[in-house]
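> In case it's useful when we look at the structure, here is the feature table from TrEMBL:
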{"type": "DOMAIN", "residues": "99-215", "note": "domain 'PGG'"}
{"type": "TRANSMEM", "residues": "104-126", "note": "transmembrane segment"}
{"type": "TRANSMEM", "residues": "153-175", "note": "transmembrane segment"}
{"type": "TRANSMEM", "residues": "196-216", "note": "transmembrane segment"}
{"type": "TRANSMEM", "residues": "222-247", "note": "transmembrane segment"}
Amino acid sequence: IVKLLLGYKETDIKAVNRCDETAFDIAEKTGHLEIASMLQQHGVQSARAIKPVATNPARELKQTVSDIKHEVHYQLEHTLQTRKQVQGIAKRINKMHSEGLNNAINSTTVVAVLIATVAFAAIFTVPGQYVDDLNDIPPGDSLGEANIAPKPAFIIFFIFDSIALFISLAVVVVQTSVVVIDSKGKKQMMAIINKLMWFACVLVSVAFLALSFIVVGKDEKWLAIGVTIIGTSIMATTLGTMCYWVIRHRIEASNMRSIRRSSQASRSRSWTMSVMSDSEILNNEFKKMYAI
């Protein structure tokens, strides 16, 4: 019957009943799939394809506003959660920085005391004999004077060792007297103290090398030269590496400050952009090691 009806040109294949259903819709609804396939082959379409449902502009506008509202609410919640996570990361990083600075301060104090102790003891344990007999004082010498005192190497040792001693004592006085709470102030203080300790270590090394030329004697002078080459190479490599880390840290800190300025300038534009910039800053600031 369906084939016969579809064979007539007069058959309206777009006819729709009161329920806005075509023959194809009725066949699909009632489960006659063969008839639905036959109708589809002859061009019978669904009512929705023939006559789309009229849209209501007011309803569409309301739906659009509702979708935008939900999207904005979701973005705000996501932004707040991200900001909380960033703040938590910042607190942990600040705590790590504070602990690292405190450890550096404690270590510097201990090292300064050790250098002062070694430098003080070295003055009174100079190798060589002393004038200790009041009745047998060689001409030009005095009681308690070391036999190597007039030599240039001993003068270099005495001057450099004394400077290292007083630098270390000055660091000990500052470390035990000054209390810095601000993290930035701690970094500035440690930057100065560390440079002084570097200088003290260099002075102690030079004093040791100068005295080694006297200890080994003229016949074994090559030993002192070898020790000087080895010691100079080690100290130069160490200090050069530390200077590289200091310069690199300062360059990165300068870049971070410029990023913060640009982030603060664009913060009024979008919360999401500011959170992204804060997270990038935290990721860049999270370092396992840096030199002050």
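Backbone N, Cα and C define each Cβ position, glycine as well.
Since the structure is predicted, the reported quantities are computational estimates derived from the model, not experimental observations.
Just tell me what is around each of these and how deep it sits.
Broken down with DSSP, the domain 'PGG' (99-215) shows 85 helix, 2 strand, 30 coil.
Under 8 Å from some Cβ of the transmembrane segment (104-126) lie the Cβ atoms of residues 146, 148, 154, 157-158, 161-162, 164-165, 168-169, 171-172, 175-176, 186, 190, 193-194, 197, 200-201, 204, 207, 211, 292, all in the same chain and six or more residues away from its ends.
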> Which sequence-distant residues neighbour the transmembrane segment (153-175)? Criterion: at least 6 residues beyond either end, Cβ under 8 Å.
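For the transmembrane segment (153-175), the far contacts come to 105, 108-109, 112-113, 115-116, 119-120, 122-123, 126, 146, 189, 193, 196-197, 199-201, 203-204, 206-208, 210-211, 213-214.
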> So what's near the transmembrane segment (196-216) in sequence-distant terms, Cβ-Cβ under 8 Å and 6+ beyond its ends?
108, 111-112, 115, 118-119, 122, 126-128, 148, 151, 153-154, 156-158, 160-161, 163-164, 167-168, 170-171, 223-224, 227-228, 231-232, 235, 239, 242
